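If you check TrEMBL, you get these features:
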type: DOMAIN; residues: 184-227; note: domain 'Phosphoribosyltransferase'
Amino acid sequence: MVLCSVLTEWVSALADLVLEQHCAGCGGLDGPLCAACREVVDRGPWRCPARFGCPPVWAAGAYTGRGRAVLLAFKNGGYRALAEPLSRGLAAAVRAAAPTAERISLVPVPGRRSAVRKRGYDPVRTVGAGAAVRLRAQGVAARVVCPLRYSRPTRDQVGLGAAARWANLSGAMRARWPGKSPAVGDAVVVVDDVLTTGATLAEAARALTAAGIRVAGAAVVAERLCRVVTDPSQTATAGPARSPPGGAPHAMCREIQKSRWKTVPDNRAISG
């Protein structure tokens, strides 16, 4: 058993060494991320167009081209060294979501247990922890808190249409803050890897609000510049083109005209 464990660690270390010789974004030899691809990853943050039911969301980058390749390499390709540059971008997005807060609680969206077991780690929690370290280095009292849990089984969101994504996650999370609720003045920011329809962030925010936790905003590693759900009961429709900062145009949808996001006045339990 001990020999098997040691061999597994050696193989894993060797695989990491081989992978990190190549850039995850472009495939070049300057790995794990070349200077040009670092600029792509560090393009943000920017304020995302509103999604139904979501708090204000800021993105560190765009889920397209090299940015998409880098994130997928980190999540599914074994490039764990990419946690450092990705957490740097996420930290900037978190700070944009709570620009004046002296204390920030980063709340990662929970990963599905089967996916976490398969990968051997939780990508969102890992990058969130790295972002908290960077924020603390900037003088912000940042920490990662994990109050969200799934209350029922859910499917993988990949491959699902907009309406199916909402149906899959609607009412699927519950929140229980460890210990006492966050003090008044703490900024709670939900973090995730990719923003698409907003179904995941909306459900996370709903669960936190139901537990009496005020959500200041949300931050994601990357925004998928595609279609936006303005109403989960209807099919999303394509909107005008928009360009991420410094990037080429991509299809983007119309912003929601009226905010439907419900907040509570402070981080205290909701009564009634």
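Cβ coordinates come from backbone N, Cα and C, glycine included.
DSSP assignment over the domain 'Phosphoribosyltransferase' (184-227) gives 12 helix, 16 strand, 16 coil. For the domain 'Phosphoribosyltransferase' (184-227), the predicted model reports an average pLDDT of 90.
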